[in-house]
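Copied from Swiss-Prot, the annotated features are:
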type	residues	note
BINDING	SER23, HIS59, ASP233	substrate binding site
BINDING	ASP125, THR157, GLU162, THR195, HIS221, SER222, ARG223, VAL224, THR231	ATP binding site
BINDING	TYR136, GLU162	Mg(2+) binding site
Amino acid sequence: MSSLLLFNDKSRALQADIVAVQSQVVYGSVGNSIAVPAIKQNGLNVFAVPTVLLSNTPHYDTFYGGAIPDEWFSGYLRAFQERDALRQLRAVTTGYMGTASQIKILAEWLTALRKDHPDLLIMVDPVIGDIDSGIYVKPDLPEAYRQYLLPLAQGITPNIFELEILTGKNCRDLDSAIAAAKSLLSDTLKWVVITSASGNEENQEMQVVVVSADSVNVISHSRVKTDLKGTGDLFCAQLISGLLKGKALNDAVHRAGLRVLEVMRYTQQHESDELILPPLAEA
């Protein structure tokens, strides 16, 4: 192996603003397969860590792949320090996790990372399920989120169903959802963005609710009828990009929602079942 060693000057190591930890597909536009190009469109550098590697989402007639083994997953994370590639790191985001053991490994890595990066922004999308499908991850993942990742996160982006699972509270109306979100806030967890709060069905609107200790902001967007997957992953990619580019939280959430709508409509115009990113207009 030593005879193959070419790159040992750590001063030349590639650096990134964001480490994005979530699913990856060979075909399609979900997880890091949509998040990475979206983040790069925003002029930010990102390292992608896969939790599962799949041929495509399970919504096709064939489906291959599975969770990344723990040994590989922990090695991917450890390699960043071995390459000295995190000198400029500003944020870590998480999405779909393959196993509860991955969550524990990630939490241990984040805890150690915080010692060198005390201002690190950790944003967790606690992917668990939705109202239509119920829980679609392994049954031990919700508790792993509660035990390991939520205590480390500054912000989380659950949908209504995930908020109910994490808090054990009914969240089917706006007031109860806000109360549930506030119950999660702590000295570390500063904000909760509820990504699918109840909206005005008659006016074809959906609501995103931004909850912090001292404010609640309800942002309404047009509802687009579609079966497209990966919109939540895209939203989170746009949100973290906006925050790192200096946008205030409410503005970053609003802009992220608008971008998702733009991408969905662009994709529909091109008659695709997988998200297609149009060029990013200057903000």
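Quick reminder: no glycine exception, Cβ is built from N, Cα and C everywhere.
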Three-state secondary structure, which DSSP defines for SER23 (substrate binding site): strand
Site diameter for ATP, Å, by largest Cα distance between ASP125, THR157, GLU162, THR195, HIS221, SER222, ARG223, VAL224, THR231: 22
Would you list, in sequence order, the residues of this chain other than SER23, HIS59, ASP233 that have their CB within 8 A of the centroid of the site's CB atoms, where the site is the one recorded for substrate? VAL25, GLY28, VAL30, GLY31, SER33, THR57, TYR96, LYS229, GLY230
One finds that other Cβ atoms within 10 Å of the Cβ of HIS221 (ATP binding site) number exactly 16
Of the binding-site residues SER23, HIS59, ASP233, which one has its Cα closest to the Cα of GLU162 (ATP binding site)? ASP233
Inter-residue Cα distance where the pair is ASP233 (substrate binding site) and ARG223 (ATP binding site), in Å: 17
Cα-proximity to ASP125 (ATP binding site), 10 Å cut-off, over binding-site residues SER23, HIS59, TYR136, ASP233: ASP233
Have a look around TYR136 (Mg(2+) binding site) and count the other CB atoms within 10 A of its CB, chains all included. 12
So ARG223 (ATP binding site), by the Cβ count within 10 Å over all chains shown, scores 15
Collapsed DSSP category at GLU162 (ATP binding site): helix
In three-state terms from DSSP, label ARG223 (ATP binding site) for me. coil
Cα separation, HIS59 (substrate binding site) to TYR136 (Mg(2+) binding site) (Å, whole number): 13
By a 10 Å Cβ neighbour count, the lowest-scoring of the binding-site residues ASP125, GLU162, ASP233 is GLU162
